[in-house]
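What follows is a single structure, written as structure tokens, with notes after it.
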């Protein structure tokens with residue numbers, strides 16, 4: 001008998017420290033007016049010095065257990081998507097597993113930058129459809145603030161910290177299947193390589209690429225990609241499911257920049273009321289943004305929802321779901 005994947009619970013968490021635009025304007029060449037005009041962002045949340053990615057992810061995992069009524073021992077897999085892990089090793093997912101006492105679960109991290117939640121959902125779906133795993137957590141968590149160069153306004157004003165996640169469960173009822181279709185892609189030739197957080201781990205990386213421990217992005221290129229290539233992927237996936245954009249209850253995009261979301265909405269000829277967003281309050285929380293926005297509207301879902309995200313790699317993915 002075939003096994004299907006049902007999305008049964010969502011959770012989200014942001015750390016308590018709120019940073020508004022004026023606070024950033026006090027330490028870099030920017031202003032509240034400039035940030036809001038170019039990004040739509042008003043505030044973002046930053047983790048405390050002793051608060052790590054695993055701490056945020058653990059908060060979400062505990063919410064998923066509470067909402068589902070499952071014991072931690074019932075979890076088979078914990079998959080954490082992040083580009084700000086607590087360490088290179090062990091996986092942040094392993095720390096979450098220990099924190100919640102999910103002794104029967106195996107755990108690993110997935111790195112697909114801001115596309116992590118869509119890649120994570122698609123990956124978890126395959127584990128469940130194998131018939132061997134019943135209860136899977138996919139948690140996207142980031143502490144981007146610890147990776148910022150606060151002299152670089154082209155990056156620092158965008159990012160915030162947060163976590164969101166989903167509980168996926170096996171079902172033999174095809175009517176309960178939540179993951180309808182997916183399209184995941186990468187363009188490695190568009191990658192900007194730098195040594196980043198791992199520092200120059202090879203002589204080639206140390207010699208040939210820009211040296212920085214902070215995030216680095218080419219904003220104009222990302223904007224162009226996100227507003228042209230990504231909508232093409234979205235349209236193709238919608239058509240493959242024999243739907244039209246107007247059939248969607250919601251479209252939840254990567255929370256990179258409100259202006260990008262507005263351009264995608266115009267491209268699909270859909271009103272912004274169909275685009276739940278949190279970027280204005282939380283900033284770009286990387287892979288967590290889509291999960292957090294979905295968590296906000298999860299209890300209201302009655303129709304199909306398109307999730308789409310894009311990030312470094314370039315990695316980009318769209319997943320069509322229903323509750």
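Including glycine, each Cβ sits where the backbone N, Cα and C put it.
What Swiss-Prot lists as active site is 114 (among others), and the listing cites sequence analysis. With a cut-off of 8 Å between CB atoms and residues at least 6 apart in sequence, the same chain places 254, 256, 284, 286, 287, 289, 309, 310, 311, 312, 315 near residue 114 (active site), listed in sequence order.
As annotated by Swiss-Prot, active site applies to 254 (among others). The Cβ of residue 254 (active site) has 31 other Cβ atoms within 10 Å, all protein chains considered. Residue 254 (active site) carries neither a helix nor a strand DSSP state and counts as coil.
The region 'ACP-binding' annotation in Swiss-Prot covers 255-259, and the record cites sequence analysis as its basis. Residues 38-41, 114, 158, 222-223, 226, 277-280, 282-285, 289-290, 292-293, 310 of the same chain sit 6 or more residues outside the region 'ACP-binding' (255-259) yet have a Cβ under 8 Å from a Cβ within it.
Sequence annotations record features per position, and here Swiss-Prot assigns active site to 284 (among others).
Residue 284 (active site) falls within a strand segment according to DSSP.
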